[in-house]
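Peer 1: Among the features that Swiss-Prot reports, tRNA binding site is placed at TRP29, LYS33, LYS36, ASN37, ASN75, ARG77, ARG78, ASN79, MET80, PRO81, ARG91, with the record citing experimental evidence. The annotation acetyl-CoA binding site is assigned in Swiss-Prot to LEU92, VAL94, HIS99, GLY100, GLY102, GLY104, ALA105, LEU132, GLU135, HIS142 on the grounds of similarity to another entry. Feature annotation from Swiss-Prot assigns active site to TYR140.
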Amino acid sequence: MGRVTAPEPLSAFHQVAEFVSGEAVLDDWLKQKGLKNQALGAARTFVVCKKDTKQVAGFYSLATGSVNHTEATGNLRRNMPDPIPVIILARLAVDLSFHGKGLGADLLHDAVLRCYRVAENIGVRAIMVHALTEEAKNFYIHHGFKSSQTQQRTLFLRLPQ
């Protein structure tokens, strides 16, 4: 990741006030709810910071969830209960100053590896994401996610069994 720190759990020491990704809903969530959700255990948020600072350059957030068979792709439904257990990639955003530099892909890669490690210890079938925009949807498709049967911007990446 070079110009940023390794991913680490969000804490009160991280500076989020100046984070601007271009998606206000993601920026506001990080600034207003990120730490609260972390403390409550509702989601786990991981951040990367600009090198030698605590200023957040990007983040992603993971939570547990489930998806009904009707929304899942065919290969996820096979031999699975209804609903199917998943890990939700609830948010992923990169500060505008790092757009176009591969940081989003690096964060996604870290999130997927983290989810793989979780799947070795608990029963989850896939990573699920709700893309905010068509651009975000195309980003996830480019990285191997498959679209839902029924929800246009819901995508899945199957985890190994």
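Each Cβ is built from the backbone N, Cα and C atoms, and glycine gets one as well.
In terms of burial and nearby residues, how do these features look in this structure?
Peer 2: A C-beta separation below 8 Å, combined with a sequence spacing of at least six in one chain, links MET80 (tRNA binding site) to HIS69, ALA72, ARG125.
LEU92 (acetyl-CoA binding site) carries a strand DSSP state (E or B). The local packing around LEU92 (acetyl-CoA binding site), expressed as other Cβ atoms within 10 Å of its Cβ over all shown chains, amounts to 23.
The Cβ of TYR140 (active site) lies under 8 Å from the Cβ of LEU108, VAL129, ALA131, LEU155, LEU157, each of which sits 6+ residues away along the same chain.
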Peer 1: State, in Å as a whole number, the widest CA to CA span among the acetyl-CoA-binding residues LEU92, VAL94, HIS99, GLY100, GLY102, GLY104, ALA105, LEU132, GLU135, HIS142 given in the record.
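Peer 2: Across LEU92, VAL94, HIS99, GLY100, GLY102, GLY104, ALA105, LEU132, GLU135, HIS142, the two farthest Cα atoms sit 19 Å apart.
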Peer 1: Cα-Cα, whole number of Å: GLY102 (acetyl-CoA binding site) versus TRP29 (tRNA binding site)?
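Peer 2: Counting only the Cα atoms, the answer is 22 Å.
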Peer 1: Out of LYS36, ARG78, ARG91, HIS99, give me whichever of these binding-site residues has the highest number of other Cβ atoms within 10 Å.
Peer 2: ARG91
